[in-house]
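Below you'll find the structure, written out as structure tokens, and then a few comments.
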Amino acid sequence: MGTKTKSSLMKLLRVVLVLSVCFGWSSAYTSHDYSDALAKSIMFFEGQRSGKLPPSQRLKWRGDSGLSDGSSYHVDLVGGYYDAGDNVKFGLPMAFTTTMLSWSVIEFGSLMKDQVENAKAAVRWGSDYLLKAATATPGTLYVQVGEPNMDHRCWERPEDMDTPRNVYKVSTQNPGSDVAAETAAALAAASIVFEDSDPSYSTKLIQTAKKVFDFADKYRGAYSDSLNSVVCPFYCSYSGYHDELLWGASWIHRATQDSSYMTYIQTNGHTLGADDDDYSFSWDDKRVGTKVLLTKGFLESKLEEFQSYKVHSDNYICSLIPGSPGFQAQYTAGGLLYKASESNLQYVTSTSFLLLTYAKYLNSYGGAVTCGSSTVTAKSLIALAKKQVDYILGQNPAEMSYMVGFGERYPEHAHHRGSSVPSIHSHPNRIGCNEGFQYFHSGSPNPNILTGAILGGPDNGDHFADSRENYQQSEPATYINAPFVGALAFFTAQPSSP
């Protein structure tokens, strides 16, 4: 064995040793019922539904809500999802949620078994609404229902809400390339989900995706600039709109294999963030997700145009691996990836999904991650993802599951209007703002279990305060759960991996 080969092998062994020591990885396996967690993670979306609930609704404490949304503006905007613990329908996180639910089904739907139809129903609840929002008025995309400042000053279950249901839109005069391109991505990704089971619906989705993308690209601008305090500071487009344009084009290319979108990616990629290394993936910033998505094209079809995306994807993976060149991530003493003091688990679930998706691509088409002179295998990516998933499910210093309704111990005070006051069925009389806040401050456990909700999670010291007033840690969100659906599907099929 040559000196150079020995040196590379020793570096690889050091990376593996650091992973084992830092995260306590060993041959010992702590079992979680991943199939139960998967079922509950999907059921959560039924607790976030707005509109007329179907007979198949399983969270029975919820009722119909928002049945007149859009009517004062002469458009039908009934349906969709409330983003988190409030009663506003924010378009940007809802579209991202739909994209990630779709991506979960696309990559791991074959592993979901009896849950795949529930997952597809969750996708469709989002895509049906986005279709309405995108086609109701020519040259317009409706991007929000509900006045957030008023909503946040009132603690009401959605079935009772009487706060203003204002409607907000982006248009040719007031553009929103970020929210429009994310909507295009969501519709394109959903079209793949339904291409076999409902071809006509799939066709409608992709045709609408193309139109919305053209609108996003032709009339450029950030929706934060057009809508200001209506979306900020709630869901400002901090990363701008370039990342969504590349993301949207990538999803339409994935759905259609239309060469014009390949040309768009090649022509515009350098100005839309293709050359940037970025280390977060969220409802706001799509750069890393785009690179992983396009890496599939390089690995599968040897498209040299996408080779640089493989390089940047590797850089992202290396930033997560302790001991590797380029390592940047922070982990708590308990081994949790830590990026933000508010809703940190959204980054944990999205990262776990990307790790498993990238590992799938590497295993399917060959290859490994290059970190300097070291090589990181797909097995190592799965190990890191598993650590994060297991932490959320209860293998952590607090010995608490951060998924409501899962495990022996989980949070009971989610910052969530619908689950924190008596249900419409047990308390049919209206509960107004003031009475609602009495429940909010009561300290009593939520009377309705928001099954499957993943909350914001612990701080950088692995500490968690189970309090409705601590929204930074106790609020659920659709975009926390959406990528976790795919991760749980993977471990449902391979519980002892790696």
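These residue numbers are counts, starting from 1, taken along the chain as shown.
Cβ from N, Cα, C; glycine included.
It should be emphasised that the depicted structure is a prediction, and the values quoted were computed from it without experimental measurement.
Copied over from TrEMBL, here are the features:
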type	residues	note
ACT_SITE	HIS415	active site
ACT_SITE	ASP466	active site
ACT_SITE	GLU475	active site
DOMAIN	34-488	domain 'Glycoside hydrolase family 9'
SIGNAL	1-28	signal peptide
Across the domain 'Glycoside hydrolase family 9' (34-488), average pLDDT on the 0 to 100 scale
96
Cβ atoms within 10 Å, counted per site: which of ASP466, GLU475 has the most, among these active-site residues?
GLU475
Under 8 Å by Cβ from HIS415 (active site), counting only residues of that chain that are 6 or more apart
GLY85, LEU455, ARG468, GLU469, ASN470, TYR471, SER474, GLU475, PRO476
